[in-house]
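**Student:** Attaching a single structure in structure tokens format; questions to follow.
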Amino acid sequence: MTDWLALIYPYAKAFHVMAVISWMAGLFYLPRLFVYHAERGQTPEPAGSFVVMEDKLLRLIMNPAMIATWVSGLFLVLTPGIVDWSMAWPWTKAACVLGMTWFHMWCARQRRLLQARQGHSGRRYRIMNEVPTLLMVGIVVSVIVKF
Ligand code: HEM
């Protein structure tokens, strides 16, 4: 099992980076849509198009990309010699990845609240838009610097 993982390791890592890029694109863009939805989606017509864009982005891109990131990431974790758990970086990366997954769930909840016209203000979504940026810094520094 682990020999096979070592063999596919470069491909698993390439797939992981592609999945991460797709997931992050959605995590950066969806809260931005929420800002516009909260500030300009008062009339039924624009509100309807925001709902469609948010639904499609979450269901067709972000959910599959999150699953692909997790599956490929776990393949990498199980590959022998890749993760040294006595170092700090796997733990900081894991903490930030859990934070990113929480943020994904938070976005999914906000999408439902905005559809029910119970969302937060545009300003709140602008602030929350910084969360994935901070977590991304933590993840990339962990996995590249490997402290
Ligand atoms: C979802 C759970 C995740 C797991 C279990 C996971 C695990 C891993 C592991 C074990 C590696 C291999 C490190 C190495 O080859 O030395 C890796 C590489 C990488 N991960 Fe993740 N990861 C996850 C999510 C993410 C996320 C959310 C990002 C970005 C925001 C990310 C960015 C990267 C990058 C850029 C690399 C390549 C680093 C290199 O050049 O070696 N990962 N990941």
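Including glycine, each Cβ sits where the backbone N, Cα and C put it.
Feature annotation from TrEMBL assigns heme binding site to His16, Lys93. If you look up TrEMBL, you'll see 6-30, 60-82, 88-106, 127-145 marked as transmembrane segment.
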**Student:** Give me the non-local Cβ neighbours of His16 (heme binding site): same chain, 6+ apart in sequence, Cβ-Cβ under 8 Å, ordered along the sequence.
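**Tutor:** Non-local contacts for His16 (heme binding site): Thr69, Ser72, Gly73, Phe75, Leu76.
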**Student:** Take the Cβ of Lys93 (heme binding site) and count every other Cβ within 10 Å, whichever protein chain it belongs to.
**Tutor:** 20
